[in-house]
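So the structure is just underneath, and the comments pick up after that.
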Amino acid sequence: MLGFLKKPVVVTAEINLNLVVLTVMGLMSRLWGLSYPRAVVFDEVYYGQFVSLYMKRIFFVDDSGPPLGHMLLALGGYLGGFDGNFLWNRIGAEYSTNVPVCSLRFLPALAGALCIPLAYQILVELQFSHCAALGAALLILLENSLITQSRFMLLESILIFFILLAVLSYLKFYNLQRHSSFSGRWWFWLLLTGVACSCAVGVKYMGLFTYMLLLAIAGLHFWHMLGDRNLSNVSLVCHFLARGLSLLIIPVAMYLSFFYVHLTLLYRSGPHDQIMTSAFQASLEGGLARITQGQPLEVAYGSQITLRNVLGKPMQCWLHSHTNTYPIRYENGRGSSHQQQVTCYPFKDVNNWWIVKDPGMQQLVVSNPPRPVRHGHVVQLVHGITTRYLNTHDVAAPLSPHSQEVSCYIDYNISMPAQNLWRVEIVNRESDTDVWKTILSEVRFVHVNTSAVLKLSGASLPEWGYRQLEVVGEKLSKGYHQSMVWNVEEHRYGKSQEQKEREVELHSPTRMDISKNLSFMAKFTELQWKILTLKNEDTEHKYSSSALDWITMDTNIAYWLHPTSGAQIHLLGNVCTWNSANIAAVVYTCLSLWYLIRRRRKIYDIPEDAWQLWASAGQICVGGWVVNYLPFFLMEKTLFLYHYLPALTFQILLIPIVLQHLSDHLCRSLLSKSMFSALIVAWFSSVCFAYRTFSPVTYGEPLSVAELKDLRWKDSWNILIRKQGH
């Protein structure tokens, strides 16, 4: 029975030493001296703020993209025990002892190191030689710009890792297609393709470009499968469903999960949530939630409310009035109604409270039972403190003469009767009988007499209006622009009919006990829309550049400068590699056009299998370069050299492909092959020389003024040269 113990247990494994050595070299090049410099380097000042907010569970919005990359950086901080207490206020600031610098930079560095074995395997899966694959990996290893970008708390190396992982996974899946469809390995690589694509998009929206490329290639491959008569209809349907599940449904589900984790972690209110809707703010712990918890849901006649404009631009503000009146005449000589000013005020204030009144009744309290206000009902809005009625009439607004003035009615002039009836229109209603709800309902107020809509113009009033924002009656209203939409933020049922008692009531807080929460999908939709539409003020940055500057590397970025020595870190590429990548792209394009023209003439210069290999390599490498580069010409945003790194990575992979093709198909004789090999050795030596030359500004080694001047190979490079301290 125990006879199996007489024989030893033997495990046989194949180890690719090329992969092992490349991985070790990659880890050494990216992880060596990772905690140096112990100071904030370039965009660490930007991402570090978000890491601190994660540590403190405070909500934020970053318009640069989805949250996965930020969460991975925060994971590094969490594993290192970071408490979030550091002021990320300037580049070059020394890190305090509580900041685990190495831990924060570890994941980007690890991702950058793993790109090297991924590059090797991609060329192997493309059916190129191990020598060409080794060359691609070494070029990635010795690319100074990729080293610099991966050694700090930045996202590009993580993005490139997931992009390359997606490409490799798809190639492995495709190569298994021929002989082991629907096997375990086949499913693994197909599912990993979708997961990696989703992660790439989740780190930065740039990942979407490669995802679209792989979807297009997968679609093209499936189109070819449709022509295979050996495959049954059932088999084709199964293939289609497998790809749909793995490349569409799972990536979307994972993308949603990134936001779910993000919103679960960040449950506390903070400065960023001011741009979100009242409903979103009320779902966060602290902030607005402390004020709005337990408010009555349905707005009724007699309700006391504050009205927040949904647009939130140029800043969030609430419908407001005060005892001051419009000037009798403006600077340009136009006259006003001289009635009480109505504005939009960007701060919480007792003068933001209004009472919803039934025009047919005098009472300003909620009846028992309450009578809810519904879509289409006509109401009067009474200013709580001054008891004046919200009014608009055919008088030009102070700063928007094409619109009507909005005021609180004072009967100064019998020739100007009150026009204070407003029809409530619920924009996001589900039916025409919907009840007006606190926070959830978005409403327009349409003036009954003139059909003007209550609108925030966004203009700041002069000194007489205390620089508050102008509110107007928009006469020509098309559609539901957010500046015309309001929602009830704070709400309570009025109980006091007497004015003095009501003023005490208005000054009292609205806090109660019960909480109302938005669904995850509602929060996701709003946050996703804010990320896509929120635009920071585009200011010209010292190191910004145009996409045309990237190809020839006519620009660089100074990441860090030592305060006393000449040590500095720059985002600078390996000049030899960048130029070689451009030449390889040109050679590939010209050769492909030549082959296509010749093939059209029924002249086949290379075997069919070599042509298929050449074409598939172009789909991945040239296609990857095109989709990750050309879109930047259409973007209206501040661009930097690091935006080019994903495209550059694909272009670098093309270099050994072109070299192997030239060696295999254009060098016919033994002599020409020997000479070509010698040229490759000389060329690779120049790559190594360029890497070593620029490694001091890659790793931040101290340099003299003369050495720094020697590094300025191009006049357009901004190498920082100054007198060294003593």
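Placed from the backbone N, Cα and C atoms, the Cβ positions cover glycine too.
Just so you know, TrEMBL annotations are computer predictions that nobody has curated.
Here TrEMBL flags 9-28 (among others) as transmembrane segment.
Residues or ranges marked as transmembrane segment by TrEMBL: 106-124 (among others).
Sequence-distant contacts of the transmembrane segment (131-147), counting only residues of its own chain at least 6 positions beyond either end whose CB sits under 8 Å from a CB of the stretch, comprise 18, 22, 25-26, 29-30, 112, 115-117, 119-124, 157, 160, 571-574, 577, 641-642, 645, 648-649, 652-653, 655-657, 659-660, 684, 687-688, 690-691, 694-695, 698-699. Annotation comment: TrEMBL describes 131-147 (among others) as transmembrane segment.
Summarising the annotation, TrEMBL assigns transmembrane segment to 153-174 (among others). Counting residues 6+ beyond its ends, the transmembrane segment (153-174) has Cβ neighbours under 8 Å at 41-44, 47-48, 51, 69, 72-73, 76, 104-105, 107-109, 111-112, 114-115, 118-119, 121-122, 125-126, 146, 185-186, 189-190, 192-193, 196-197, 199-200, 203-204, 206-207, 210-211, 214, 217-218, 221, 620, 624, 642, 645-646, 649 in the same chain.
The transmembrane segment annotation in TrEMBL covers 186-203 (among others). For the transmembrane segment (186-203), the residues of the chain that approach it from at least six positions outside its boundaries are 65-69, 72, 155, 158-159, 162-163, 165-166, 169-170, 172-173, 176-177, 180, 210-211, 214, 242-243, 246-248, 250-252, 254-255, 258, judged by C-beta separation under 8 angstroms.
Within its own chain, the transmembrane segment (209-226) is flanked in space by residues 163, 166-167, 170, 174, 177, 193, 197, 200-201, 236, 239-240, 243, 247, 251, 619-620, 623-624, 627-628, 631, 646, which lie at least six positions past its ends and keep a Cβ under 8 Å from the stretch. Sequence annotations record features per position, and here TrEMBL assigns transmembrane segment to 209-226 (among others).
The transmembrane segment annotation in TrEMBL covers 247-267 (among others).
Residues or ranges marked as domain 'MIR' by TrEMBL: 296-359 (among others).
TrEMBL lists 370-427 (among others) with the feature domain 'MIR'. If you take every residue in the domain 'MIR' (370-427) and average the pLDDT, you get 86.
Here TrEMBL flags 431-491 (among others) as domain 'MIR'.
Listed as Cβ neighbours of the transmembrane segment (578-597) (distance under 8 Å, sequence separation of 6 or more from its ends, same chain) are residues 551-553, 605-606, 611, 614-615, 618, 621-622, 625, 648, 651-652, 654-655, 657-659, 661-662, 683, 687. The transmembrane segment annotation in TrEMBL covers 578-597 (among others).
Nonlocal intrachain contacts for the transmembrane segment (609-627), taken as residues 6+ away from its ends with a CB within less than 8 angstroms of a stretch CB, comprise 122, 126-128, 163, 167, 171, 209-210, 212-213, 217, 585, 588-589, 591-592, 595, 599, 646-651, 653-654, 657, 661, 664-665. According to TrEMBL, the feature transmembrane segment maps to 609-627 (among others).
According to TrEMBL, the transmembrane segment annotation covers 639-662 (among others).
If you look up TrEMBL, you'll see 674-694 (among others) marked as transmembrane segment.
Contact counts against the transmembrane segment (106-124), taken as Cβ pairs under 8 Å, peak for 9-28 among the stretches 9-28, 247-267, 639-662, 674-694.
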